[in-house]
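The structure appears below as structure tokens.
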Amino acid sequence: MSRPKFTRVLLKLSGESLAGSQGYGIDPKTITTIAREIKEVVQQGVQLALVIGGGNIFRGLAASSQGMDRAGADNMGMLATMINSLAMQDALEKIGVATRVQSAIVMQQVAEPYIRRRAIRHLEKGRVVIFGAGTGNPYFTTDTAASLRAMEISAQAILKGTKVDGVYTADPKKDATATKLPRLAYIDVLKRGLQVMDATATSLCMDNNLPIIVFDLTTEGNIIKVINGEEIGTIVQGE
């Protein structure tokens, strides 16, 4: 078995990644598959934190464009991330992975409050920590929450699981001439408007030199491959 390249990482998943082929909600088979891959990572001694989006349940930005108050819509989106976080906790604990959910919004009956030192202690004890409710503030995406939490826990990289095997010059589903970019500088992502993470999240990573690795989550075994240093996606880092 390969020696892990990283000892502490943050895995960022979109809400849609939990929906599977149904496109909405949470697909039990899909979430179980992801949980098994996470278990394999933990068994290698890697400390892993998670941030999950909420787009499979509710999108605050989309709702605000339809006339809903943006702050209220974003609050609903944060609650959607908590639903996904609790679902992932259940999937992980059913296969024997100790997990803690920490929420940026106080909801003490279902999750711990976000406390940085406590989160780090959980990681040191081999528990998976799931950060829910984004940053706890409207107008900030879960990508930004992932960047913030990754820096707070001193993660060595953000692993962003997507539906494509990296970053392309254009949408490969719409443009047959699109080519994959195996390596990118943060500034190029910002200048070219590439769909890696939103500008705020990318800028945070750039300012703190935190690598972002974009990879295909839909192919089984890819999480462990990235952890072990296989270059299967796109790595975004300093020039």
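The backbone N, Cα and C atoms fix where each Cβ goes, glycine too.
Owing to the predicted nature of the structure, the values given are computational and were not obtained by experimental measurement.
Applying an 8 A CB threshold to same-chain residues 6+ apart, the list for THR162 (ATP binding site) reads SER14, SER17, VAL214, PHE215, ASP216, LEU217. DSSP classifies THR162 (ATP binding site) as strand under the three-state reduction. Residues annotated as ATP binding site in Swiss-Prot: LYS12, LEU13, SER14, GLY15, GLY55, ARG59, THR162, TYR168, ASP171.
According to Swiss-Prot, the UMP binding site annotation covers GLY54, ASP74, THR135, GLY136, ASN137, PRO138, TYR139, PHE140, THR141, THR142. In the three-state DSSP classification, GLY54 (UMP binding site) falls within coil. Sequence-distant neighbours of GLY54 (UMP binding site) (same chain, 6+ residues apart, CB-CB distance under 8 A): GLY15, GLY77, MET78, LEU79, ALA80, THR81, ILE83, ASN84, THR142.
The DSSP breakdown of the region 'Involved in allosteric activation by GTP' (20-25), given as helix, strand and coil counts, is 3 helix, 0 strand, 3 coil. What Swiss-Prot lists as region 'Involved in allosteric activation by GTP' is 20-25.
Long-range Cβ contacts of the region 'Involved in allosteric activation by GTP' (20-25) within its own chain (Cβ-Cβ under 8 Å, at least 6 residues beyond either end) map to 56-57. For LYS12 (ATP binding site), the count of additional Cβ atoms within 10 Å of its Cβ stands at 29 [all protein chains shown]. When the binding-site residues LYS12, GLY55, ASP171 are compared by Cα distance to TYR139 (UMP binding site), the shortest distance belongs to GLY55. Taken over all pairs of the listed ATP-binding residues (LYS12, LEU13, SER14, GLY15, GLY55, ARG59, THR162, TYR168, ASP171), the Cα spread reaches a maximum of 25 Å, rounded to the nearest whole number. The 10 Å shell around the Cβ of ASP171 (ATP binding site) contains 10 further Cβ atoms across the protein chains shown.
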